[in-house]
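Worksheet: the structure to be examined is printed underneath.
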Amino acid sequence: QGDRPPFRCLPVFVFLAYPSCPELRVLSFLGVSMAYALIISGNVLIVVSIQAEARLRVPMYYFLGSLSGVEMCYTAVVVPHILANTLQSEKTITLLGCATQMAFFIALGSADCFVLAAMAYDRYVAICHPLQYPLIMTLTVCVRLVVASVVTGLFLSLQLVAFIFSLPFCQARGIQHFFCDVPPVMQLVCANSHFHELSVLVAATLAIAVPFFLIATSYAFIAATVLKMHSAAGRHRAFSTCSSHLTVVLLQYGCCAFMYLRPRSSYHPQQDQFISLIYTLGTPMLNPLIYTLRNSEMKGAIGKVLTRNCDSLKV
């Protein structure tokens with residue numbers, strides 16, 4: 001790649017990962033549409049249920065509602081574009097459009113990681129410092145943590161995207177992916193330098209590894225506190241409040257670490273396309289199920305919302 005002449009004025013990129021067979025295109029469109037409908041309906045239901053149920057207006061559920069909001073936004077950045085491209089003959093995007101899509105996708109994905117870290121901190125305070133919990137986790141603190149998550153994600157994303165799109169691109173314009181993500185776009189960069197690869201890796205580390213370290217630290221303190229509890233019922237209750245969050249963390253961070261925390265030479269298009277679909281469609285779709293199936297309060301609140309809606313439709 002380093003021997004090819006740089007092509008700085010690249011007008012458009014072409015996505016190469018979409019199926020060419022008409023039948024597969026229709027099936028892909030239907031599958032992605034169903035997944036997207038489930039993502040939007042499930043996360044909207046969580047947000048509405050938290051707002052409608054007064055007893056859920058506590059920090060833990062405020063963060064859950066914020067997580068649902070962020071995930072709806074970051075899927076909205078790429079999924080409608082994927083659906084449109086699936087049915088179009090020319091699957092292209094302009095250079096500016098690609099940079100914009102990547103900036104918002106990375107910003108909201110990073111914000112998602114930081115909100116998960118804020119949720120872990122909330123559980124740490126609730127379990128390790130229960131008496132000080134109402135004083136520490138006020139609404140103001142919760143709002144600041146969510147805003148800080150979004151602002152930090154946006155800052156890291158803008159730095160990374162500005163760096164990537166300042167590099168010289170080769171004549172090849174084909175992106176082996178469904179949307180503009182960092183690994184496939186970096187494959188089109190002519191500057192084959194370890195410095196460029198290291199710069200991208202540092203940005204990914206700040207967005208993924210740092211919040212994961214905060215989560216791991218929080219759960220280390222939580223585990224130490226829970227193991228000291230004499231009551232088996234207390235230990236079970238403490239672990240049950242964290243199990244849903246831990247499941248989501250492992251799913252989200254596992255996919256993100258695999259995609260972004262590795263060298264450019266290990267990029268495999270087909271494998272990475274599958275992994276990206278998991279964290280773009282799978283994780284936001286599964287999160288509402290994970291949090292509702294393992295949380296009796298959320299199940300009760302969603303049941304009330306659905307019952308009220310059904311009753312109003314009958315009237």
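Just so you know, glycine gets a Cβ as well, placed from its N, Cα and C.
Feature list (source: TrEMBL):
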type	residues	note
TRANSMEM	26-48	transmembrane segment
DOMAIN	42-291	domain 'G-protein coupled receptors family 1 profile'
TRANSMEM	60-82	transmembrane segment
TRANSMEM	102-121	transmembrane segment
TRANSMEM	133-158	transmembrane segment
TRANSMEM	201-227	transmembrane segment
TRANSMEM	239-261	transmembrane segment
TRANSMEM	273-293	transmembrane segment
Find the average pLDDT over the domain 'G-protein coupled receptors family 1 profile' (42-291) in the predicted model and report it.
88
Which of 60-82, 102-121, 133-158, 273-293 shares the most C-beta pairs under 8 angstroms with the transmembrane segment (201-227)?
102-121
What parts of the chain pack near the transmembrane segment (102-121), using Cβ distances under 8 Å and only residues at least 6 beyond its ends?
60, 63-64, 66-67, 70-71, 73-74, 77-78, 142, 145-146, 148-150, 152-154, 156-158, 160-161, 164, 179-182, 185, 207-208, 211-212, 214-215, 218-219, 245, 248-249, 252-253, 256, 279
